[in-house]
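Novice: Input: one structure, supplied below.
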Amino acid sequence: MLRIRRARPFLIGAFIILVLLYHVSQNSDWELSQSALYLPKKAPADSANKDSLNVEYQPPQPPKPLPTSHVVGIAPQRPTSVAQEKQTTSTQPAPKKETAIRIPQLKTSNEVPGGFGLPTPAPTVGKAHDHSAEESHVAVKLPDRPVPETNDDGSKLHGGKDEAEPTSTKEHWQKPSEWFPVPKESIIKLPTGKPKPIPTVQFNFGEESPEAKEKRLARLNKVRAEAQRAWSGYKKYAWGHDELTPVTKESKDPFCGWAATLVDSLDTLWIMGLKEEFDEAVEYVKELDFTYSAYRSEIPVFETTIRYLGGFLGAYDVSGGEKTKTGYKILLDKAVELAEVLMSVFDTPNRMPILYYNWHPAFNGNPKRASTSAGMAELGTLSMEFTRLAQLTGENKYYDAVARITDALEDLQNREDGTALPGIFPEHIDASGCNRTAQAASSSDNLSDAARQQVDDATDVDEEPQGYTAGMTDQDIQNGKDPLNFNGVTKRELNRRTPPPHYSIPKQQIPPWKGVKNQGPPHNAQGMPANWDCVPQGLVAGGWGSESYSMGGSQDSAYEYFPKQYLLLGGLEDKYRTMHEKVSAAVKKYLLFRPMAPGNPDILFSAKVTSPDHTDQKLSYEWEVTHLTCFLGGMFGLGGKIFGSPEDVEIGRKLADGCAWAYEVMPSGIMPEYSMVLPCAKADDCQWNKTAWYNAIDTDAAWRDEQLKQWEVNHAEWVQEVKMLKKEYAEAEAAAKVRSEEEAKRKAAEEEEEKANRPVLSNNSPYTPAPAAVVNTAPKDPHPQGLNPGVHQGMPQEVDYHLTKRRFPEDDKIEVATKVNKIEDELDLNNNIAGHEQQYQQQKPMLELHLPPEPEKPLSHEEYVQDRIESLNIPPGFVSLNDKRYILRPEAIESVFYYYRITGSPVWQDKGWRMFESVIAATRTDVAHSAIDNVATTTSSTKKDEDGREEKQLPKPGHFTDSMESFWLAETLKYFYLLFAEPDVVSLDEWVFNTEAHPFRRPS
């Protein structure tokens, strides 16, 4: 019995192995049968009968064929000849004939040559594609999707992993069929006609003096040299990658690895006259593939648009495009290739874009909605690039994509109570177009078969349950009731390209979202995501709770594009002027403030405002100074010039001057990424007040004063307690001393008495008893070797035996005599009473004084502020340095450049040159330039320039953050260069910059 129990695990294991072997033998033909499904075969003889099928859907034509190398997710192209087909099939094992397995033929997608679309493509308006009778015996290699579990006839299909050997491990983007296409008649077209007269922007520069020209050209050449240095470092250590890491001399790829710095720098190279470098970069551009990224699964749409798409278009414009002898049409071609990828982000019910686009085919084919918390800048900063592409290609679809965003923003701006601060938008926008808090509209089209049967069996389908509140009905929508009435398109028209709740599909047609296993959440009866249905709405504030408003991060460039888009369209679309003027008015009303600083500079900054209740009644302010907000001076200056507002031009000047001031007052000569200052109560009456500044740095001054007062009380009590303890200790110590002296005297008297009673040795020395007799255990030798005659055994040789007399027993006498002299020396028995007292004091521990710790004095308000200012290097006027980094940003020099071109004053060139010298001194590495982590610290060493003057102190090398973003070459160095270039180089009356400083030619 015990043996059987021990063998039980082995028996169970053997049984499991037998079962597995049985299943393997039953499925031994599976691999071949799977190969039969995916191997290409000759088309059947009756394949021509496919033309008789009811096929009405025709997908759009592809933009451009993909490379012929096959990859996972893209099916190989069909053989173009019998010979090619034989060659293909000969490399595969002969499959077994599977008569019971037949799958529908996948229609070859016209969007991607050699690829295959969904089994049933998304329907277009008025067309249906019936696949119920469409079957084929041709086995094909499917894209990277799960194999269907059943055939059309409902029979079970063997399932399993596709064992076909892939030709590549890469997975490329495929252009999907649109779920929500825009009918051609509804596409918003580019404005046409002769551009309107627009006031000039630039100052009318006169003739330049030789001295001024020499000075300007010297500065210009130094800027170009630094740009060449940065480009050379990128070329040597990071060529083809997104960014150089200028300290470790490596690379990184935060923007999909499509050579962001290279593309972003193209027009900079051309403008600076670096033609050879430009041509070399253009050659590399030809190899870029925007259908694949090894670095990111999601495309950041905003960054990709302004850096890559804007970079191609700007370089195409400044280089003359196809008009030059060399010809740079490749730049426009690459812009179109990238745009075709990005156009998929607009395929949502309300055409608002997906801002982080998962390009993988497994996700790309699913229906999508825009984010419920989209960044305002990301949503609103796409218009210039797609508009310029539409102008260059003549394709209105690119303009339509961004015009709908502008229309949605215009609707939000004009809507009563649309935003807490009328005229400007919150930091985050709900762009989903879906009101989840409202009662969703219902429709029998969304019901399952069982639910629909229940409705049919009901006595009165129109009778609603008690307490039911009807939502928007089909009739309401058909009558034009629609909160998303954008561009004159009614809800009824929108329904033709939007999903359920009111999406009708012919019964004989398989819904487009069926027939494929989409990854994602559960689906409803129609195959859409289970939570898809909702009441539509326009753009609203995103997130929950309070709303933030500012001109800084997540919002900045959206406002910048309103006046620039007006210029790019030649003034033919007035809505951009109207929207800009509303923004300008709101900024002046709610955000602008003058900081309090020594010298009372007449400068301005823009604050951040938070509304807790979607109104402007309970606003809270952050008096921030951020580098990103420094674009605002240029925006006000440009808008003020083209729209005839001298007040805005003056406001822009003060904003630009404010950022220049923030550079000059910092220890490194560079403004921080984010900081706080103290505002003046009145902009026209602002006097420096050190007390107010101290109070702003230390908002707990009153509490700190109370703590100091309490310390004074506690310290006084501590002083009294210490005095009392010291007095008690002194008394106890005196008493102990008296007792010690008395004890010493007693001991001395006893020793004198003992000494008087001691026996006397033969040498008249006083006798002291030995501490203990030393017993000699050595064997007795009558004549030990080395002993002199007459010396007793066991007695040291240096002791005279005759010093001792026979007064004691024989056993004690010898040992006592050997220790006498040593004992007398060691004990110093002839010492006086003072010696006894000292010996007693050393042996007896003294009394210890235990005092309570002294209360630590807190810093006073003034001491705390001074310590904070010194330890953090806070300049006068600043309250805090929240983010001390400088990441090579361009916004401050951008506004300085604008005001030099607007006013013609060389003062702005001088401001910009001081900024340039400080930035280069702090960021220069061995091969390029790096961001730094602290602009408020410097080393103790100094450096002298060519004239012997001391330059600004350099940050320690450890302060480098090893990052050089692409905008360093694309924007910062470009604006520095243009500040010292001749005024007609990229004139603001002929060009308009996107937010990445890529110049687009204005219509003339």
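Placed from the backbone N, Cα and C atoms, the Cβ positions cover glycine too.
Just so you know, TrEMBL annotations never went through curation; they're auto-generated.
It should be emphasised that the depicted structure is a prediction, and the values quoted were computed from it without experimental measurement.
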Novice: Which of these, Cys434, Cys534, Cys630, shares a disulfide with Cys659 in TrEMBL?
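Specialist: That record, TrEMBL, gives the partner as Cys630.
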Novice: Of 436-482, 812-858, which span is tagged region 'Disordered' by TrEMBL?
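Specialist: In TrEMBL, residues 436-482 carry the label region 'Disordered'.
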Novice: Which entry in the list of active-site residues, Glu303, Asp556, Glu673, Glu891, has its Cβ near the fewest other Cβ atoms, using 10 Å as the limit?
Specialist: Glu303
Novice: State the count of C-beta atoms found within 10 angstroms of the C-beta of Cys659 (disulfide bond), not counting that atom itself.
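Specialist: For Cys659 (disulfide bond), the count of other Cβ atoms within 10 Å is 28.
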Novice: Near Cys659 (disulfide bond), which of the recorded positions Glu303, Asp556, Glu673, Thr995 can be found within 10 Å, Cα to Cα?
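Specialist: Within 10 Å Cα-Cα: none.
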Novice: Taking the Cβ of Thr995 (Ca(2+) binding site) as reference, which residues of that chain separated by at least 6 in sequence fall under 8 Å from it?
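Specialist: Residues satisfying the criterion: Ile306, Gly310, Thr381, Met384, Asp556, Ser557, Glu560, Tyr561, Phe631.
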Novice: Can you check which residues sit near Cys630 (disulfide bond), meaning Cβ under 8 Å from its Cβ, same chain, 6 or more apart in sequence, and list them in order?
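Specialist: Cys630 (disulfide bond) has long-range Cβ partners Leu655, Ala656, Cys659, Met671, Glu891, Ala892, Glu894, Ser895.
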